[in-house]
Every structure is written in structure tokens, then in C-alpha cells.
Amino acid sequence: GCITTKELGTVMRSLGQNPTEAELQDMINEVDADGNGTIDFPEFLNLMARKMKDTDSEEELKEAFRVFDKDQNGFISAAELRHVMTNLGEKLTDEEVDEMIREADVDGDGQINYDEFVKVMMAK
């Protein structure tokens, strides 16, 4: 259950980041509490929490929201969510997509606005 620099790189790139090998090593060293050169899940969560608190995370969240919000109306609909998840290789049923929307949809309007999106992203 440990994450290597290679695996961390894959995750970061899927989130739109492009870290160098040295940056990945630095990130691992930063949170590698037991010094074994890999990070376990608690260390990984610690790292992600730190990355999200960085000043540029606001811009990254806006960028991610724009990727989901295809028609740029300020909301992520079930169809838009399904489209992005399919592009990421996730085959979801309508029920699963609706469930994801319900979990994030604080005001109950059936879609996800930016504030709701940020809450979900920061809660992980």
C-alpha cells in the first residue's frame, strides 16, 4: 500500500500537474515520515492536503471546474459529469452519476455549482 515517485507522477499528471522527477522526489521526502523512500496512504493524504493549500490551488480548481462545465454556464450537470468521467475511463451507470451529483449538490438543484465543487475537492 505504498506510493512510489512513478505512481505519484501518474497521479499528479492526471490532475493536470507536470512535476519533474526531482520535484516528485522532494514531495515524497517532504512527507515520508518513516524515511523508506515511498509514501503510505496517510503520508499521501498529508501531501495532497499541503498541495491543495498552496496559493495556486484556487486557479487549479477553477481550471478543473471549467473542464467539467462544458457549456460554461457555471454548473456541472449530470451529463457533463458523465462525459468527463467517461473520458477518464470510468464507465458509470446513470445511478452512479446521479449519486455523485447528490453527494456534492448542497442546494439540491440537481447540478453542482463552483462552491459545491470546491467543497468536494477540498474535502478529499
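For all residues, glycine too, the Cβ spot is worked out from N, Cα and C.
Worth saying up front: this structure is predicted, and the values here are computed from it rather than measured.
Classification of E7 (Ca(2+) 1 binding site) by DSSP places it within a helix. The Ca(2+) 1 binding site annotation in Swiss-Prot covers C2, E7 and rests on a curator's inference.
Counting every protein chain shown, the number of other Cβ atoms lying within 10 Å of the Cβ of D32 (Ca(2+) 2 binding site) is 17. Residues or ranges marked as Ca(2+) 2 binding site in Swiss-Prot: D32, D34, N36, T38, E43.
Marked as Ca(2+) 3 binding site by Swiss-Prot on the basis of sequence analysis: D69, D71, N73, E80. Long-range Cβ proximity for N73 (Ca(2+) 3 binding site), meaning a same-chain Cβ under 8 A and a gap of 6 or more residues, is found for none.
Sequence annotations record features per position, and here Swiss-Prot assigns Ca(2+) 4 binding site to D105, D107, D109, Q111, E116. For E116 (Ca(2+) 4 binding site), the same-chain residues lying six or more positions away in sequence with a CB closer than 8 A to its CB are A104, D105, V106, D107. Secondary structure from DSSP puts E116 (Ca(2+) 4 binding site) in a helix.
Counting residues 6+ beyond its ends, the domain 'EF-hand 1' (1-18) has Cβ neighbours under 8 Å at 24-25, 27-28, 36, 38-41, 44, 60, 63-64, 88 in the same chain. Marked as domain 'EF-hand 1' by Swiss-Prot on the basis of sequence analysis: 1-18.
What Swiss-Prot lists as domain 'EF-hand 2' is 19-54. Away from its own ends, the domain 'EF-hand 2' (19-54) comes close to residues 1-5, 8-9, 12, 121-122, 124 of its chain (Cβ-Cβ under 8 Å, at least six residues beyond either end).
Residue counts for the domain 'EF-hand 3' (56-91) under DSSP, helix first, then strand, then coil, are 22 helix, 2 strand, 12 coil. Among the features that Swiss-Prot reports, domain 'EF-hand 3' is placed at 56-91.
The domain 'EF-hand 4' feature in Swiss-Prot is assigned to 92-124; the stated evidence is sequence analysis. Packing against the domain 'EF-hand 4' (92-124) from elsewhere in the chain are residues 48, 52, 61-62, 64-65, 68, 74-78, 81-82, 85-86: each is 6 or more residues past its ends and has a CB under 8 Å from a CB in it.
Here Swiss-Prot flags K91 as N6,N6,N6-trimethyllysine. Here the Cβ of K91 (N6,N6,N6-trimethyllysine) has 8 other Cβ atoms within 10 Å, regardless of which shown protein chain they belong to.
For E80 (Ca(2+) 3 binding site), the nearest of the recorded positions C2, E7, D32, E43, K91 in terms of C-alpha separation is K91.
Tertiary proximity for the domain 'EF-hand 3' (56-91) is limited to same-chain residues at least six positions away from its ends with a CB under 8 Å from its CB atoms, namely 14-16, 97-98, 100-101, 110-114, 117-118, 121. Across the domain 'EF-hand 2' (19-54), the DSSP tally of helix, strand and coil residues reads 24 helix, 2 strand, 10 coil.
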